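S.K.: Here's a structure for you.
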């Protein structure tokens with residue numbers, strides 16, 4: 001028996017004069033269909049995925065589910081201890097820490113990690129709440145750590161900038177972009193990104209220990225104004241030029 | 001590095017406990033891969049070739065889209081097998097070439113929360129928009145994830161010719177098959193830039209991770225000819241060149257066993273054969289933490305120490321990455337890949353110190369591996385850079401530019417998981433007696 005096999009990609013022709021019984025069997029069992037089946041969706045139109053209707057958010061999550069609104073609310077009530085509420089200060093100077101973020105602790109049972117900033121001590125707090133027991137499981141704090149700003153911090157930074165002589169750059173850019181004069185902070189949506197001083201940076205070396213941001217301003221009609229070279233120190237409530 | 005007490009054994013126990021607890025959630029699904037999340041956070045889709053991907057998704061305020069508990073099964077191998085514990089972005093560092101501006105988009109602004117866009121328009125055309133938490137401090141339920149199945153072109157082609165003994169004539173069979181990807185994507189808007197976080201899960205087991213950038217160029221970033229490019233009329237306004245240094249954190253959990261070994265392979269010329277150069281490929285076991293970079297003919301894989309395919313070969317995934325453009329301005333943006341021992345304090349590839357439970361001086365991937373700890377539960381930190389030299393076409397909106405890498409199965413199954421029935425006997429040397 002002579003079999004001729006050729007692979008379409010040009011590996012060449014192998015001529016076989018003797019084949020083991022096993023090979024023959026597997027060969028004949030598998031080589032017979034002349035038109036290999038092809039799935040209908042692949043042959044024809046666009047492949048589809050399921051499209052489930054949105055369902056109301058569950059009260060609680062399971063496993064790796066994102067923290068639910070209910071879980072975050074519950075965790076915040078537990079995380080904000082009477083001591084923290086009384087002794088810490090938020091970005092506006094009011095009693096109680098600045099609430100920043102809630103994250104799911106991925107490495108254990110279902111726990112919420114809540115992050116707060118205390119402007120009085122310049123400390124970042126991490127409060128770990130066990131969602132099952134409803135208890136504050138762990139609490140940590142440290143200086144020199146600056147996670148992203150809250151919407152309230154972005155707003156406070158914009159107010160500080162507009163009230164400062166350094167805000168002239170923003171006002172001028174606003175006038176150019178919109179043809180209008182900026183009064184107050186209405187008509188601007190601030191986007192804040194945390195600024196941390198690097199060794200070579202000049203002008204705002206306290207940033208990092210202090211909580212500082214740089215601002216991008218978005219006007220009501222969608223223009224972006226990048227306020228370069230200016231840093232707002234939310235801790236010191238000052239505005240600094242970088243150069 | 002070790003600085004927070006989490007033993008591998010404890011983590012494994014917790015994982016199996018979580019799986020056990022959540023089995024009922026996934027129990028409707030057949031075949032069932034126990035997935036520790038509820039139905040709303042799960043994506044489970046079967047592509048036309050019969051491949052099913054299943055995973056949990058959520059939004060982290062800094063990282064944006066996080067995929068976890070990623071399982072794959074195929075028509076040929078219907079038992080779901082875990083590939084990844086999780087995958088997510090780990091940093092997006094954007095320094096401008098004039099040296100005056102730099103952003104760490106994950107850790108100083110955040111891809112989730114208010115940075116995450118609600119999908120609309122053509123964002124998810126042909127796909128399914130999934131609603132879920134945006135990961136913000138005050139989480140909102142929004143339409144944030146796009147799930148779609150997309151053609152990826154020809155998955156394979158084979159023109160088979162054989163001799164039909166009965167009819168005594170040649171017989172042609174053409175195996176030609178379109179492939180598909182299950183695609184998950186979110187959009188984050190950080191100022192004028194918009195970023196697309198995308199994972200493409202191919203029907204042959206490959207996973208492509210990539211980041212797309214669009215939106216607009218920075219409105220006030222203009223400089224000079226040697227670090228900007230003139231856009232607009234004449235040569236007046238030089239839009240500043242800049243880097244997008246993206247990092248991903250990849251945590252494998254092959255077949256749910258974990259503890260992958262890391263291997264590096266290098267190929268070098270080794271004399272000559274009778275016709276052409278002889279090449280020699282050598283394996284280097286990476287037993288300890290470290291940073292690594294590509295040279296020609298080098299690649300890495302993560303190998304399960306216990307899980308084997310039906311051929312008896314260790315299951316593994318290869319990390320296929322070029323590193324893209326390498327930014328020389330930071331130590332942590334130079335290596336292409338870093339393998340570190342899993343540690344909950346190591347979250348961000350740079351600007352890492354944002355957790356009061358953790359040390360302040362563990363800032364970058366370079367710090368993660370400084371003490372060269374033994375790797376028993378490796379994390380791969382994959383860096384891919386893109387040096388953006390603006391061009392006139394970047395206005396406006398900016399055409400999407402992409403950067404990313406691939407995870408490619410190597411011996412995960414003993415054959416091509418898409419092998420058609422007619423080729424199912426073709427495994428290994430077909431003519432061992434020759």
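Using the three backbone atoms N, Cα and C, a Cβ is placed for every residue, glycine included.
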S.K.: Pick from B:393-413, B:414-434: which range has region 'Disordered' per TrEMBL?
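M.R.: From TrEMBL, the annotated region 'Disordered' range turns out to be B:414-434.
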S.K.: Which ones in the same chain are close to residue B:193 (2',4',5'-topaquinone), with CB under 8 Å and 6+ residues apart in sequence?
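M.R.: For residue B:193 (2',4',5'-topaquinone), the qualifying residues are B:94, B:105, B:213, B:214, B:215, B:216, B:218.
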S.K.: Cβ under 8 Å, sequence separation of at least 6 from the ends of the region 'Disordered' (B:414-434): give me the contacting residues as numbers and ranges.
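M.R.: Counting only partners 6 or more residues beyond its ends, the region 'Disordered' (B:414-434) has Cβ contacts under 8 Å with 49, 51, 74-77, 155-156, 158, 160, 173, 175, 177, 179, 203-205, 309-311, 313.
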S.K.: Tell me, by DSSP, whether residue B:105 (active site, proton acceptor) is helix, strand or coil?
M.R.: helix
S.K.: Around residue B:105 (active site, proton acceptor), how many other CB atoms lie within 10 A of its CB?
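M.R.: Excluding its own Cβ, the number within 10 Å is 26.
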S.K.: Counting by DSSP, what is the helix, strand and coil composition of the region 'Disordered' (B:414-434)?
M.R.: 3 helix, 0 strand, 18 coil
